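According to TrEMBL:
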- 20-38: transmembrane segment (TRANSMEM)
- 44-64: transmembrane segment (TRANSMEM)
- Glu101, Asp130: UDP-alpha-D-glucose binding site (BINDING)
- Asp130: active site (ACT_SITE)
- Lys265, Asp289: Mn(2+) binding site (BINDING)
- Asp454: active site (ACT_SITE)
- 525-546: transmembrane segment (TRANSMEM)
- 566-585: transmembrane segment (TRANSMEM)
- 606-624: transmembrane segment (TRANSMEM)
- 655-677: transmembrane segment (TRANSMEM)
- 689-710: transmembrane segment (TRANSMEM)
- 716-736: transmembrane segment (TRANSMEM)
- 748-768: transmembrane segment (TRANSMEM)
Amino acid sequence: MASLPLHEEIPRKRRIQRAVELVILLLLLSLLAYRLLFLGDHGFHWLLALFCESCFTFNWILTISIKWHQMDHKTYPERLSQTSELPPVDMFVTTADPVLEPPVLTVNTVISLLAVDYPANKLACYVSDDGASPLTLYALVEASKFAKLWVPFCKKHDIAVRAPFRYFTAQSTPLKDTPSEFQQEWKKMKDEYEQLCQKIEDATSQRGLPCALAAEDEVFSNTDRKNHPTIIKVIWENKEALPTGLPHLVYISREKRPKHPHHFKAGAMNVLTRVSGVMTNAPFMLNVDCDMYANNPKIVQHAMCQLLDAQNERDCAFVQCPQIFYDGLKDDPFGNQLVALHEYMGRGIAAIQGPFYGGTGCFHRRKVIYGSSPDDAPTGGKIGDGDMQKRFGKSVELTESATRILSGANIKTDAPESLSSSLEVANEVASCSYEYGTSWGIEVGWIYGSTTEDVLTGLTIHKRGWRSAYCTPDPPAFLGCAPSGGPASMTQQKRWATGLLEILLSDKNPLAATLKDKLRFRQCLAYLWILTWALRSIPELCYAALPAYCIISNSSFLPKVYEPTIIIPMTLFVIYNLCTLSEYLRAGLSIRAWWNNQRIWRVTTVTAWFFGLLGVILKLLGLSETVFEITQKDQTASDDSNANAGRYTFDESPIFVSATTILLVNLTALVIGALGFRRVAYGNSGSGVGEIICSVLVVVHFWAFLKGLFGKGKYGIPSSTIFKAGSLAFLFVHFCKRFRGVAYGGSGLGVGEIICSVLVVLHFWAFLRGLFGKRKYGIPSSTALK
């Protein structure tokens, strides 16, 4: 009797959506044709509009290609009993800063992984601490003690949420109708968890190493997070290989030296791969960020359904779970929950060659990470030692373990006799000099060359001919904390935009992968959609400033309301917004959530993505180096009842200057238009209702910045940012008038006007100095804001 499938793919029916998307494309092409037909009758602003709209059309073509086919995935973990034996899985957790990523957050993620429904003798959890923090080690040691009580409790009572901070938040008291035995155990667990949190909090407030780790004082004394030897500690070992026990737990802080590049998270992942390779060498690996706890206790089984059910291994190199966040504010005011993005774009990419590797919540085949291609035939363990050492390094133990993985030989599924016996070789492969002269970071492991190592590594896997799978169980596999609005979110988006553009401009880009390797054409288009995020900031910035330019210079980039061609942009505007709104409604989101995402994506594009572009340009010019900026993690639950919940926050970062400038430029244009200070138009070329409406829409999209002009504290835009943006807005207004004058016979701004402006500034020089002064010599921020 044939065994039942472990998973199935269900294509979505979307004929109506495809028709609407094609209508939008037709309208965009009609608008471009209109621009080209009348290009000779207009000036610079018309050409700029043509450029921007061409970019938008190209991006829409990429979007249609991705969304054309969408696939749902359903897994059947209850059918895993058909398999002879479940394979081992090594689980990786990465953290880099005990301040930005509090140890209690890492501890909850680790505990949730140790408690998943999977034989404990098939699991091993490795925690990479790039911050070399004794506090993180101490927290993990204490967490292992708590886990010995928590894991049996969860499995005995079939607890659904196994991250204790989430479980005790959602259920502050045990249910009254539960047995008294459960209530007693529940209270004991809560007391134990509160004691764990208190120990970590006390250790955080102390200076030096906690007393419980005094024996490790020699290891951590005088340790600099950027200059220290390898530190590997086996915190817990399942020596008896009990399937109902506690999985292995290992702490790793790789060696770092000032003159050796450490390659950020990609370097940490490669060390985890090598260390686990000489310790447990599981054929499958899971990696999660320190804030992404296992929300579905059966997630490993769900992933195995796709990894083991593949008729051909090339169909599933890795299984990616979407990033979903807990305690999101109502209506997604910061636009960072990405629900609609995963629902449509994610499932669309999954139907081509498979989802991108997202950096967390992903199950990998170790052989794929080791550089294997789908067409590589098993060699029965006969691989040249010399070739293996060139690829994997000089460690005999590592090359032997890699040979077993790549050859397809039977891999020992029981736990090793002793993890401690592997510590010496583990320290060797974790050294900062081990990779020199090998293929690590080039062809093997996580690939170097970008701060978005996840996308680059996934692209490298796809171009070898592999496919990937999308895993969307119910409840969601993993949940994490989304960055709050403002600085934290901008930092994350800037890092993404920078890393993605680095990939696009490198020789590892998807165009080369399609021409030279085995990346499918539509998958190439999908990669181009995400890799061009930073480049999209240029047309977005220009288009946001275009209405203001036209109002100030009294020119037009839109047809007049009485012209028949006005129907093209009007219909395009209405249909596009109705199309995107329907997507949000079908995903179970509100109209308010749709609007919040629309405006925040505009803000993100002209701020974080724009500065990501500038960062790459400076790197190419040799003026700066790429910096991996860690995003602030916060375990605190969001509170919708808070009056300030959902308010945008600001800091002194220059990343907010561009958006503030756009806002001030459009406000100035609307004032000029309302007061009639525009120049006299030539014929019917003056600005009209369309330009005013567009300018108002820009202001509405940047409403958070308008409120920030009058806000206080972190909710207000700093005066230094306002001054910089105001200066740029002033230059923009003068540029508009001068450029318009040059275009029409020299009637624009002249030397006299410039001299008068300079004289005005000189007369008020004391006030100009006051903008930069302090205390009584500086203009108060409240006065500057007004």
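Yeah, the Cβs are placed from backbone N, Cα and C, and that goes for glycine too.
Overlay of TrEMBL annotations on the structure.
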residue	record	Cβ contacts under 8 Å, 6 or more apart
Asp130	UDP-alpha-D-glucose binding site	Thr94, Thr95, Ala96, Asp97, Arg225, Ser253, Arg254, Lys256, His262, Lys265, Ala268
Asp289	Mn(2+) binding site	Val93, Thr94, Thr109, Gly359, Thr360, Gly480
Asp454	active site	Phe356, Tyr357, Gly358, Gly359, Thr360, Trp446
*Sequence-remote contacts (6 or more beyond its ends) of the transmembrane segment (655-677), Cβ cut-off under 8 Å?*
487, 490, 494, 541, 544-545, 547-549, 551-552, 603, 606-608, 610-611, 687, 692, 695-696, 698-699, 702, 705-706, 708-709, 717, 721-722, 724-726, 728-729, 732-733
*asked:* Can the transmembrane segment (606-624) be said to touch the transmembrane segment (525-546) if we require at least 3 CB pairs below 8 Å and skip pairs under 6 apart in sequence?
replied: yes
*Against which stretches of its own chain does the transmembrane segment (689-710) lie, if we need a Cβ under 8 Å and a gap of at least six residues from its ends?*
485, 544, 546-548, 550-551, 556-561, 566, 569, 598-599, 602-603, 647-648, 650, 656, 659-660, 662-663, 666-667, 669-670, 673, 716-717, 722, 785
*Please name the residue among the binding-site residues Glu101, Lys265 whose C-beta has the most neighbouring C-beta atoms within 10 angstroms.*
Glu101
